[in-house]
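Novice: Here it is, the structure in full.
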Amino acid sequence: MSTPDTAAPPRSAPARSAHAADLGPILVLTALLAAGVVASVCVGASGLPFARAVHGLFVWDGSADHALVLDVRLPRAVLTVLVGANLAVAGLIAQTLTRNPLASPQTFGINAGASVAIVLVAVALPSLGGAGLVVPAFAGAAAVGAIMWFLSVSGAVTTVGLALAGVTLQLVLTALVQALLIMSNTTQDMVFWLAGSVTGADWSKVAVILPFTLVCCAVVLLAGRHLGLLQLDVMTGGSLGQNTRRVAGLASALVVLLAGSAVAVSGPVGFVGLIVPHIVRRLPGGGDLRRLAVLCMVGGPVLLVCADLAGRVVAFPQELPVGIVTALIGAPSFVFLAVRQRHR
Amino acid sequence: MTPPMKPPATPPMTPPAAQAPTPPTAGPRPARILLACTAALTLLVLIALVSIARGAVSLSLSDVVDGLTGGSNAFIVQEYRLPRVLVAILAGGALAIAGVFLQAAMRNPLASPDVVGLSKGGGVGATVAVMLASPASQVWAVPLGVLAGTTLTAAALLVISRRIGASTVTLVLVGAALAALAGAAIEYLLVREPQSADQALVWLAGSVYGSDRSDVTALLVWLAVCLPLVVVATRAADLAGFGDDSIVSLGGHPVRVRATLIIAAVLLTAGAVTSVGGIGFLGLLAPHLARFAVGSRARHLVPMSAVTGALILCLADFVGRVVALPNEIPAGIVAVVVGGPYLLFLLIRETRKHA
C-alpha cells in the first residue's frame, strides 16, 4: 500500500503549495483589515482605548461610549470597508474587461458621471435622499461607461489614449458639477462630498450600499471563470466557447453597479479602483480572476480604511476627505503605470 | 597623404510623425490671413461691447460708448465692466500664446498650460501664498507663489518626460496626473483653512469676477515685460517644429530654442493664472482654431491665437454671466465644458493618424 502522498499524481504537490500561497496574502490582508477597522473605531476626536471601545460595542448601557461606537465610528468603518471593496473590484473588472491597466471607475470618468447625475437630482429634487440617489448614480455611471465602451471597442483611441479620454471626460463632468452647484447655491454642503468622503456615515448609508456589494461580489465569484476569459481577446474567448458579448455585458453592468453605489454613498473617491488591482496582482500566488477579486475585496478596504485614518489624523482637528488622501497616493502611481505602459 | 575626408553620411533626418505643429508650409494666402484677423478682431470688439452692455444693469450700446468717454454711466462701465473685459482679453491672449509655445516646444498638439498641469501648479502656489503670507503682503506673495508653482510643475513635467521619452499622449497623461496631484494638494490646503475656501474655489475654477483697474494695470505691465521674450520665442517657434537634428542643421541650438519657448509659456501662464485662475482648455483650443484660419507659421499664428484666446475667454465669461442669472458661472467652467470635448476629438484624430 502506498501512502496517499506517493500515490497522488505529480501535479497535486505543486497544486497544494500553490493553494497555501493563495491563502497567505488573503490572510495577511484580512489581519491588516481587522487591525485597520479596530484603529478606525478607536481613533478620532475623542480617543477610545480598545477596552472601552469593545465595552461600548457590546454593553448596551446607553453610555456616551456606546452611542459613539455604535452610531458614529462603526458605521463609518463599515461604510469605508464596503466602498473600498466596491471600488477595488470595479477597477479589477474594468481592467480585465478593457484589457487596459489604466482602467478604473475614476480614470474612465464613471465616478464623475455618477456624481453629475447625483448632483443634478439633488438640485432638482432635494427631497430625494439616501437610497433615492442610487438610481441616478447608476444612470450617470452607465452613460459614461457606454461612451468609454464605445471608444474602447471602436478602437478609436489607444490604451493610453483611452485613459486620457476618461480623464478629459472626468474634467468636463466635474466642471458641470461645479456649474450646477454654483447655479443652485449649494456649494457649501457638497464640496466635501465632491472630494470623496465617508464623513457623516450612518447605518442608512450602509444599508444603501450593502446589497449591491454583496450581490455583485457574489456574482463576480460565481462567474469569475467566465469574467477571467475577458482578458483574452474576443477571438480566443469565442473559440473557447464563451458568449463574449454576454459576459462583457455582465462585466460592464457589474462595474456600473459597484461604482455607482459607491459614489452614491461616499462621493467620487478616486484611484482606489486603479491601484488596488495592480497591488494585489503583485502579491504571491496565481493570477486567477476569482482569487484576485477576493484579494481586491479585502485589499481595497485596507487601503481606504488606512487613507481615512490618515485623513483624520494628519489634519487634526480638521478632517481631510478620504478622496484627497487617495488622490495624493494615487496620482503618482497613475504616472508610474502610464509610464510603464509606454515601455511595453 | 591623408585620404580625403568623406562627407558625413548621415541621412537627412525626417521629423517623426508625432510632431505637433506641422513645420511652416506655404499656408493660406496673405489676403485670407488678413481677412481672418480682421474678422476675429471685429468679433472681439463686438463681444466686448455686448459684454460691457449686459449685466445686472442693462445698458444700450450708445450708453456704453457714452460711458467709455465719461458720460452718465461712466462709473459702471469704467470701474466694473471695462476692467473685467480687459482682463479677459489680456489673460485669454496670454494663455493662448502660452499654448502655441508649449505645443511648439513639446511638438505635441495636445499640450497647453492647463492640459499639462501648469495652471493647477500655479494654483497650488497661489493657495500656499494666501495661507502663509500676511494679508498685507499678498499683493506680491500671490504672483510669486503662482510663478513658483508653474515653474516647478513645468520642471517636473520636463524631467519626467525626458526620463521616459514620453509619447504625445503619455506626456499629456502625465500632465493630467500632475494636475490631479496639484488639485488634491489644493483641496488639502483648503480643508485645512476652510475660512478662505469659498473665495478660493471661485478663483481656482477660473473667473474674471471682481477684476478692477489695478488688475488690468498689473497684468498689462507683466505682459509688457514679457513682450520682448514673446517676440524672441515667436521667432523660435517655427524652428522648434523640427526635430533636434534639423534644428542643428539649420544653425539653431535645440535646447536653447525649446527653453526659450517654455520659459515664455511659463511666464505668460503665471501672469494669466494670477489674475484669472486656471481657465481649462483655453490654451489648447485657441491655437488650434487659429491654425485653421491662418496656418501654422508662427508670426501669423501667435497674434491670431492671442485674438482667438481673448475672444474665447470673453465669450465664456459672457455666457457664464448670463446663463444662470442671478448667479455667475466662472468662465473657466464654461471653457472646460466647451474645450473638453475638443480634446477628445483631437485625441481620436491623433490616434487615426497613426493607425
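Keep in mind that glycine also has a Cβ here, set from the backbone N, Cα and C atoms.
TrEMBL labels come from automatic prediction, so no person has curated them.
Just lifted these from TrEMBL, have a look:
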type	residues	note
TRANSMEM	A:26-48	transmembrane segment
TRANSMEM	A:77-96	transmembrane segment
TRANSMEM	A:108-125	transmembrane segment
TRANSMEM	A:132-151	transmembrane segment
TRANSMEM	A:157-182	transmembrane segment
TRANSMEM	A:203-227	transmembrane segment
TRANSMEM	A:247-280	transmembrane segment
TRANSMEM	A:320-339	transmembrane segment
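What does the local environment look like for each feature on the list?
Specialist: Here the transmembrane segment (A:26-48) has long-range neighbours at 56-57, 65, 68-69, 72-74, 76-77, 80-81, 294-295, 298-299, 301-302, 305-306, 308-309, 312-313, 317, meaning same-chain residues at least 6 beyond its ends whose C-beta is under 8 angstroms from one of its own.
Residues of the same chain lying 6 or more positions beyond the ends of the transmembrane segment (A:77-96) and with a Cβ under 8 Å from any Cβ of it are 33, 37, 40-41, 103-105, 108, 110, 198, 201, 205-206, 209-210, 212-213, 216-217, 220, 227-228, 230-231, 251, 254-255, 258-259, 261-262, 265-266, 269, 272-274, 276-277, 280, 289, 292-293, 296-305, 308, 322.
Counting residues 6+ beyond its ends, the transmembrane segment (A:132-151) has Cβ neighbours under 8 Å at 98, 105, 108-118, 120-122, 125, 157, 162, 165-166, 169, 173, 208, 212, 252, 255-257, 259-261, 263-264 in the same chain.
Outside the transmembrane segment (A:203-227), and at least 6 residues removed from its termini, the chain residues within Cβ reach (under 8 Å) are 71, 75, 78-79, 82-83, 85-86, 89, 93, 96, 130-131, 133-134, 242, 247, 250-251, 254, 257-258, 261-262, 264-266, 288-290, 293-294, 297.
Remote same-chain partners of the transmembrane segment (A:320-339), defined as residues 6 or more beyond its termini with a Cβ less than 8 Å from a stretch Cβ, comprise 80, 101-102, 107, 160, 163, 192, 195-199, 266-272, 274-275, 278, 303-304, 307-308, 310-312, 314.
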Novice: Below 8 angstroms Cβ to Cβ, which residues of this chain, lying six or more residues outside the transmembrane segment (A:157-182), approach it?
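Specialist: For the transmembrane segment (A:157-182), the nonlocal Cβ contacts are 98, 100-103, 106-109, 111-113, 115-116, 119-120, 123, 144, 147-148, 151, 190-191, 194, 338, 341-342.
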